Amino acid sequence: MGSTSRYTFTFEKLVEVSSNDFLGHSVAGTLFVLALITHFYNYRKGLGFTYWWFLVNGYLIHLYMDGLAAYFEYSKTTHYLYSQMDARFLRDDKMVAIVSIGETFVMGPLCIIIALLYKSSKQEHNLLREVLILVVSSFQICGTVVFCAQPIWAGFIEQCGAEGCFTFSIFNIFFFWFSFVFCDSIWIWQPIKEIIKSYKRLEQLIKPQQQKLKKN
């Protein structure tokens with residue numbers, strides 16, 4: 001659904017939508033509390049960036065922003081902002097549906113499981129964690145590619161409108177160049193980094209097992 005005037009954002013409209021978004025704020029608050037419970041459950045210090053990456057991805061990005069809030073519209077505020085970034089959120093787009101449903105019911109829970117597995121020191125849990133990191137990171141890359149492929153093919157008409165992507169208005173810079181191009185690219189290069197790091201950790205976990213088998 002393309003339009004000749006892509007951006008209809010106003011701060012007045014944002015305030016109006018947000019002030020009537022009790023459900024969205026409640027969902028956000030509930031997930032924030034659950035994230036705190038997850039973090040402090042079997043609390044351990046110094047868990048590192050990868051732990052935080054998957055904890056935040058699980059609750060904030062996959063479950064809330066891309067899933068419950070933007071696609072399922074449990075948050076009118078987030079849905080309004082996402083629709084300014086990408087007009088596909090204003091209609092029943094199949095690619096957006098596939099990615100968002102996958103994020104809500106698969107990616108989000110798996111990221112939370114990975115974060116919880118960081119609390120365990122058991123060998124089998126560490127192995128499972130690294131395997132899940134490889135799987136989830138691969139899904140993140142694939143999901144981003146699927147989400148972005150259609151707009152690239154269509155010339156970004158539902159992201160920039162008929163005026164094109166190089167107007168460099170404040171809304172064009174924020175909603176397209178920052179929110180769509182830059183933020184989506186994070187879920188390409190960061191998962192690649194996580195795959196590389198996880199593969200190295202997995203090698204370190206498997207080597208002692210291989211040496212034991214050789215001795216036996």
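Our numbering is plain: 1 for the first residue shown, then up by one each step along the chain.
Yeah, the Cβs are placed from backbone N, Cα and C, and that goes for glycine too.
Taking Cβ pairs closer than 8 Å, the transmembrane segment (22-43) reaches residues 55-56, 58-60, 63-64, 68-69, 74-78, 112, 115-116, 119-120 in its own chain, all 6 or more past its ends. Summarising the annotation, TrEMBL assigns transmembrane segment to 22-43 (among others).
Model confidence over the domain 'EXPERA' (46-195) stands at 94, taken as the mean pLDDT rounded to a whole number. Residues annotated as domain 'EXPERA' in TrEMBL: 46-195.
Remote same-chain partners of the transmembrane segment (50-72), defined as residues 6 or more beyond its termini with a Cβ less than 8 Å from a stretch Cβ, comprise 24, 27-28, 31-32, 34-35, 38-39, 78-79, 82, 89, 96-97, 99-101, 103-105, 107-112, 114-115, 118, 133, 136, 140, 190, 194, 197-198. Per TrEMBL, transmembrane segment is recorded for 50-72 (among others).
The transmembrane segment annotation in TrEMBL covers 95-118 (among others).
The transmembrane segment feature in TrEMBL is assigned to 130-154 (among others). Remote same-chain partners of the transmembrane segment (130-154), defined as residues 6 or more beyond its termini with a Cβ less than 8 Å from a stretch Cβ, comprise 50, 54, 57, 86, 88, 93, 95-96, 98-99, 102-103, 106-107, 110-111, 113-114, 117, 180, 184, 187-188, 191-192, 194-195, 198-199, 201-202, 205.
Beyond the ends of the transmembrane segment (166-189), by six or more residues, the same chain brings 7, 9, 84-86, 140-141, 143-145, 147-148, 151, 156, 159-160 to within a C-beta distance below 8 angstroms of the stretch. According to TrEMBL, the transmembrane segment annotation covers 166-189 (among others).
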